[in-house]
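Working notes, beginning with the structure itself.
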């Protein structure tokens, strides 16, 4: 989820490194059929007598006696324990707790720092703070588990999403998969703070570049063969958010656009300064006309803090003189956006989502009871995690628009608008979450796909 850069305030941040390379998931039914034994045949050991004259009578008596004496009881079917799942289903519904032993979730890709990298400080006190977090096994386990959920769900999305589907169905499919793999539907107060979506699933088509998700009251948008769709979603466990994005297209016309942005993201993970050069080395031919791929200038990568998708530091991927440092123990979302348009985004119509703001007036001072009630629901279910109106309706909230507007106007909620380039242009996005270590970076969200 990109951080928009204000035109009035230059971005803070600088680049920090990672690399390319790659997850997979398949599906097979869970459990096993219970076998049932049939009833035994009654009187199968009839009498056998040497007296031929009485053979028929004796035989009849023997059958009767046998049926009286040897009535076989029906055997109760043996209950077999369901086999532990070894593969992910499709759509993904097997919780990761059934596929992995806690503490043994896959690690990300490790990439050593370049010798020439000066972006990180070596101040002892800052390094000590970062190291304390890195040594916490629960912190690493939460992040790696969230990353594995992201990998498995996005693999399913890449295999199953096709033209003709609505964006609403695609978003619901991704989010249902995330919640199922986490084993938490998030419907009770407080559940959403334990684990869930890190922010609403972004599904941006063509010139729409960031921060669009289908919401109630909007007309269904159907994915077309000619569309270029950015898929950006986050997974959090105990407030530690994995933020990763990819772009899908079905028409090979746009292959170079996707390749340019993927290359730029991988270059930025290694050395931030190389992002712009990598992206601008590509061109895209659309309908007989050649377009240069331009980096989007007023949106940036960012650090991630506990329960906060945008932690305050920005990483522009164009040349700049900013000297903000990336520190050991910090988590960053390294993302790039490329476009055939102007390379500068504007606020589009509508609202993507909302985030609860700290500070501001007390909810008790709000003029509407509905706003006070809604503030309580948001705080209990999302905290500082970005949410959207679809999520409120999933919790059973009704007639909430006036309350939302009241919270926004009183500074208790921040609203995010969709961001777009000029109409008729096409844009792409790739993004990974990285963890900075003392001597290397761990690309937490790296998979076999990107």
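Any Cβ shown, glycine's included, is placed from N, Cα and C.
Swiss-Prot names 243, 302, 431 as divalent metal cation 2 ligands; from the candidate set 330, 335, 398, the record adds 335 to that same site. The divalent metal cation 1 site recorded in Swiss-Prot comprises 243, 431 together with one of 232, 251, 421, namely 232.
Proximity to residue 211 (substrate binding site), defined by a C-alpha to C-alpha distance within 10 angstroms, is shown by the following binding-site residues from 232, 302, 335: 232. Ranking the binding-site residues 232, 243, 310, 431 by the distance of their Cα atoms from the Cα of residue 335 (divalent metal cation 2 binding site) places 431 first. Listed in sequence order, the residues 1, 2, 202, 233, 234, 244, 245, 333, 335, 429, 433 complete the 8 Å Cβ shell around the divalent metal cation 1 site centroid, once 232, 243, 431 themselves are left out. Sequence-distant contacts of residue 243 (divalent metal cation 1 binding site), defined as residues of its own chain at least six apart whose C-beta falls under 8 angstroms from its C-beta, comprise 1, 198, 199, 232, 234, 304, 309, 333, 335, 431, 433, 445.
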